[in-house]
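What TrEMBL says about this protein:
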| type | residues | note |
| --- | --- | --- |
| COMPBIAS | A:351-363 | compositional bias 'Low complexity' |
| REGION | A:351-424 | region 'Disordered' |
| COMPBIAS | A:382-392 | compositional bias 'Polar residues' |
| COMPBIAS | A:397-415 | compositional bias 'Basic residues' |
| REPEAT | A:569-602 | repeat 'TPR' |
| REPEAT | A:603-636 | repeat 'TPR' |
| REPEAT | A:637-670 | repeat 'TPR' |
| REPEAT | A:671-704 | repeat 'TPR' |
| REPEAT | A:739-772 | repeat 'TPR' |
| REGION | A:804-834 | region 'Disordered' |
Amino acid sequence: MTVLQEPVQAAIWQALNHYAYRDAVFLAERLYAEVHSEEALFLLATCYYRSGKAYKAYRLLKGHSCTTPQCKYLLAKCCVDLSKLAEGEQILSGGVLNKQKSHDDIVTEFGDSACFTLSLLGHVYCKTDRLAKGSECYQKSLSLNPFLWSPFESLCEIGEKPDPDQTFKLTSLQNFSSCLPNTCTTLVSNHNISHRQPDSVLMETPQDTIELNRLNLESSNSKYPSLNTDSSMSYIDSAVISPDAVPLGSGSAILSKQAQNKPKTGRSLLGGPAALSPLTPSFGILPLETPSPGDGSYLQNYTNSSSVIDVPSTGAPSKKAVTRISQAGTKSVFSQSGNSREVTPILVAQTQSSGPQTSTTPQVLSPTIAAPPNALPRRSSRLFTSDSSTTKENSKKLKMKFPPKIPNRKTKSKTNKGGITQPNINDTLEITKLDSSIISEGKISTVAPQIQAFTLQKAAAEGLMSLLRDMGKGYLALCSYNCKEAINILSHLPSHHYNTGWVLCQIGRAYFELAEYMQAERIFSEVRRIENYRVEGMEIYSTTLWHLQKDVALSVLSKDLTDMDKNSPEAWCAAGNCFSLQREHDIAIKFFQRAIQVDPNYAYAYTLLGHEFVLTEELDKALACFRNAIRVNPRHYNAWYGLGMIYYKQEKFSLAEMHFQKALDINPQSSVLLCHIGVVQHALKKSEKALDTLNKAINIDPKNPLCKFHRASVLFANEKYKSALQELEELKQIVPKESLVYFLIGKVYKKLGQTHLALMNFSWAMDLDPKGANNQIKEAIDKRYLPDDEEPITQEEQINECYPYESVGTDESQESSMTDADDTQLHAVESDEF
Amino acid sequence: MSTNLFACFLLEMTTPNKTPPGADPKQLERTGTVREIGSQAVWSLSSCKPGFGVDQLRDDNLETYWQSDGSQPHLVNIQFRRKTTVKTLCIYADYKSDESYTPSKISVRVGNNFHNLQEIRQLELVEPSGWIHVPLTDPHKKPIRTFMIQIAVLANHQNGRDTHMRQIKVYTPVEESSIGKFPRCTTIDFMMYRSIR
């Protein structure tokens, strides 16, 4: 039976790999009906999940007891997707009844996939407001697998400050050093075949060098007396190469693995149909051809290393080429290490990106049905290591005696796409460097050849790590709102990484938080140009355009986004912003509500909805919205700001100050927030404090005109007219066309008794006003609309009063003031007529 | 219709100063200084012909209209849930299509409820064709705050009995969303820093 089911499984995986989910589901259903094993159950659930039907997978798995970790993980994943967090947590860490599993228990239970499990668990904890536990989980997950980014991101978002230098380094990963040699050995085992294969493509890409090194490695490996049992190999290698590395598990575990492997190879010999299409997972073919390495460890390599290190290798290059390259490498200068750092990440990233499509290939390699339960780590490994696929394919290709055309092409295209032409030298350089360093340790000078291959891979991984470190630093800075630092760090990324949607979006967001909307718009429009399919971050872009009042660009953006993805909250936020700018608040509210419907965990949509309700003066609803936003994400400072704003409107100034302060604690660099706090403090009659706050704000962002304006108005209110005037004169330099500035200057002059200058400034204020807002200033001049409600008489009356005094002056001034006064009155009359 | 037929004969002789049409209220909304709040109110009518009621009065469509079906004065009552600042009332009337159904004398009253309404404005319309803006201000020229507005059609053109009203809109002044009691700023450079969003 088990033998028979292998071709079916292969067919299912093939269908999955070709996104033919209906076929995969159908076949998996048939298979499950036939055998009813947990393996088949898992396969069926996977098919459901991959076809986007998490609820199906959930109910299926729920209806059957799941014992294997991979089933448990999938079930938990479904639970989280369906926001059944408690259930998900119970599955992962044991419920209230059972003893809660410690992280170590989880690691032992889930083996290599523990990093993903912990990350998921961390997500659950954070969603249920247990941030401390959540961050523990994330950190553990990262320490297990530093290639994971999302736990790091989540850590930053919940306000933790993980150290990127500590997080993204290989030594922090205990398995890693041990898994690296494993990959080498596997490749070695493949290599025998690759030699035989005449058709293999000769390319002088860096991959070749790698392959070459692998060849070297292989030859040296053959020296080992253990006859290529991987487990022993890995054990030795790990011990040799990284003295600090803990050997993989206990010896017994290794032994058991070996034991499991043996029967498997036999079975796959029977079951592996060699005629399967080349794209299918190698499906037991591999052990057929190379019986020596047990596939368990083979798989494990991939899991541990997440195979990011295995660069897809195309064909076996001739040794000549290799040596030449390596020679060149040694000659080149070490000082170029910065360069090499830039290059290596490509390799890695490339492999990573190619991963997901073929992620499941390893599945078929190990017919695990008969395997004893402690084979878990291996199995789970094939599930979760998506990146191994490419190498898998290659290896499989190599194993099979006929050169399969499709995979060949595929791999080739992949490598070409990466655009890696220069790195050969750098890579080798890196290797040699590493080599020498290792040798200098005096431990393993004899094993240099293998180590060269190993170090090559390690260099690639190291390169990725350094990239992740830089990005991590940038992201961390952004999440703690050190926006300038974030921009600085991210701008120094290598240009091919800089010019990607993710990086540019983060930079755009940093500019956005700095209120440098022009810059932000520039960056985001670049993002739109290079990745017009990008949705994440576009809500920030839309708000940027809202601030800049670019209605055309905003409506183009919102149309495009809503056409592209109606299920993303970002698109609806953009649409809402678009209508908000058109002042069609009711429609905007509908769209923001839709954004919330689409994703109830999207904090920004609540905030935007809240702002919209504030504009329509439905303050109760707005309060609820902002509170919801904070519930979803307590570090969403915009919502705290919104609350403060509402309290300010309700003249509950101390509450307003408190909420603004909360927002400021999250984003201490925001001059706009500081400015608001200053105004509130002034309203609370703490003028000295207000001035301090405003000074701080001006220090942070000297370009923020509103801070200066408010400082001037506070000075004005405190009757420090001279300094207010000076402030306003400076302000005039920054925003020469803002009528409000002239308006305030006019008021100061009026206080100083210089009515002529006052009237002149008032008339300028009105001249600068485009017709829309005109009324308000007219009203302000017309009526008692002054910031300090201390003037009982309307301004118009005052102007009239002042007029007689003015007439004493020179004829010129009299004339001008007359016209001004007339003007004012005229406008006032107009405004009355409406 | 028949009641208004007689009035039609007098059509030619009325050509004094026509009431000039005001601006489209949509333009006002775009400026951001006012906001329509009719949707927050409860609307009622003294009478209406079936199918020509509040829905037609509020549907943003100038082709449809409310037609009264009773004795004068014809009343439109707008009641708010809370005391609301009202700045302007916009009424659309079209003499060209409605002829003797076009109101000629309108009274606007405000108050807390039906029993303490006070007239604040009465206006005469002469062959209006377009939007009529009725500013609702107190003697100090400040927008009024009220629970209820009543619009009464006291007379129609040519002594027509029933009346047509095509649209009514109620506007409230928009408060500046920034803090500080300053009027609206005018440049984007300034406005950008006004708020966080």
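Positions of Cβ are set from backbone N, Cα and C atoms, glycine also.
From a predicted model like this one, the values you see are computed outputs, not experimental measurements.
For the repeat 'TPR' (A:671-704), the residues of the chain that approach it from at least six positions outside its boundaries are 514-515, 637, 641, 644-645, 648, 651, 653-654, 656-657, 660-661, 663-664, 710-711, 714-715, 717-718, 734, judged by C-beta separation under 8 angstroms. In the repeat 'TPR' (A:603-636), the DSSP tally of helix, strand and coil residues is 27 helix, 0 strand, 7 coil. Under DSSP, residues within the repeat 'TPR' (A:671-704) fall into helix, strand and coil as 27 helix, 0 strand, 7 coil. Model confidence over the repeat 'TPR' (A:569-602) stands at 94, taken as the mean pLDDT rounded to a whole number.
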